[in-house]
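Take a look at the structure below.
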């Protein structure tokens with residue numbers, strides 16, 4: 001009877017009022033990496049790496065791109081007859097050129113400093129074409145016969161629209177001396193060229209003079225070109241070649257031309273009426289009737305994320321390109337769902353063995369159990385502080401990294417391959433550094449966030465422990481067991497920090513002494529039972545061994561000899 005009373009007393013002790021400190025858990029499968037661990041499941045996370053694009057060319061902040069279709073930049077600026085739709089173009093946000101446009105220099109040749117011109121256009125948003133030397137002003141030269149079958153239009157020979165190929169007139173080619181003064185307030189882009197005939201006969205046929213030159217001068221330019229007559233293979237049916245040049249004429253500056261043959265004269269020039277961020281982007285896409293803040297050659301990105309892995313070349317206000325496949329910031333806690341089959345207290349409660357899916361209105365909080373029932377209650381103050389802190393941190397990271405960032409392709413000619421290779425290696429190096437920095441940033445911040453949550457739970461636990469002191473027992477799993485009755489009002493006082501320790505200290509002391517006495521008595525009883533059980537077991541074993549030996553001796557299976 002005494003042992004039954006002891007057992008009931010122990011059961012009664014186990015079922016005392018309890019309060020546990022724990023944290024939120026949910027069904028999330030989001031995983032993050034930290035400095036110390038990989039694939040940590042968390043309750044909440046935020047992806048900061050954009051991986052999607054729309055596969056279209058879009059307007060940039062409401063301004064359409066200039067999509068050159070099958071025309072090159074050279075074909076557009078010189079006026080290839082197949083590019084007539086681009087003779088006058090509105091303002092553009094960026095220029096799109098195919099990798100290998102078919103309508104470029106229809107008459108074979110070269111565009112001097114072409115890559116530098118493309119670089120210049122990365123800071124231009126609008127040209128206004130103006131006439132600087134009218135075609136009909138060449139009274140002593142033939143300004144209409146300079147056409148070629150290499151530049152056809154409607155089945156007939158034609159030529160670049162914006163320059164004039166001057167031919168001899170009446171078997172004479174008088175020396176040209178022309179000057180144009182830039183009275184505009186804007187810079188002017190001026191283009192001209194020189195023709196290199198196939199042989200001396202062609203030279204005389206076209207220009208009459210055999211020793212010719214083209215001289216061009218401004219306040220900053222002094223250039224003299226001489227035709228190079230040579231036999232060449234035919235390109236587009238032509239053995240001759242043309243070489244084109246360009247310069248920027250500043251306001252109040254003048255450009256002078258002098259030539260006695262082979263001159264490709266400018267008729268139109270381009271007034272640079274608007275400068276700004278632009279680019280020449282290589283892409284085969286068509287316009288998608290859309291708007292974006294960030295464009296890549298493979299499609300537009302509409303994202304507020306600080307990083308992307310869509311394409312290394314961009315134009316606009318873009319995230320930074322990194323080579324990473326995953327950049328996820330932890331914003332919630334470690335997600336360790338409770339083990340429902342093991343009961344609530346002592347197995348799943350607290351921050352040691354698992355979180356609570358039943359607590360949905362906060363990150364940290366309490367679970368209590370008393371005679372009035374049980375329930376969850378979030379600690380909203382600590383939760384809100386944590387949410388504010390993490391939100392501010394994430395926003396700060398995004399604001400710092402999500403600045404306008406453009407990475408446009410650089411142009412190199414055939415003689416600059418070593419420079420191009422070096423540039424690619426440098427850019428790859430920068431991308432590697434950016435990628436490493438981004439990944440390290442995420443790993444460190446995730447480690448700090450999870451440590452921050454662990455610290456907040458521990459602080460909440462310490463807050464309760466300091467209030468209860470010896471009025472309750474720590475169960476070692478995030479729970480406290482009261483030595484006194486604690487109704488719902490008492491539980492609320494623990495949660496809000498107003499628990500009255502003296503009010504319950506006497507009751508706790510008496511119950512604690514009673515429990516300690518019961519434990520001592522039960523310990524003595526169990527010790528006696530343990531000794532009795534050990535002696536009885538040993539005696540029974542000895543009797544069994546003796547009986548077995550006697551039986552084996554009697555049937556001859558075991559020989560027994562007693563020597564004196």
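Every residue, even glycine, has its Cβ placed from backbone N, Cα and C.
Segment annotation: Swiss-Prot labels transmembrane segment over residues 528-548 (candidates 507-527, 528-548). When 26, 555 are compared in Swiss-Prot, the N-linked glycosylation site annotation sits on 26. The disulfide-bonded residues examined here are 58, 71, 106, 290, 490; by Cβ neighbour count within 10 Å, the least packed of them is 290. Between the CA atoms of residue 496 (N-linked glycosylation site) and residue 486 (disulfide bond) there is a gap of 14 Å, rounded to the nearest whole number.
The disulfide-bonded residues 83, 151, 294, 318, 486 differ in how many other CB atoms lie within 10 Å of their CB, and the one with the most is 486. In three-state terms derived from DSSP, residue 294 (disulfide bond) belongs to an extended strand segment. Residue 496 (N-linked glycosylation site): 11 other CB atoms within 10 A of its CB, across all protein chains.
Note on residue 39 (N-linked glycosylation site): other Cβ atoms within 10 Å of its Cβ, all shown chains, come to 8. The Cβ of 27 has fewer other Cβ atoms within 10 Å than any other of the glycosylation sites 27, 181.
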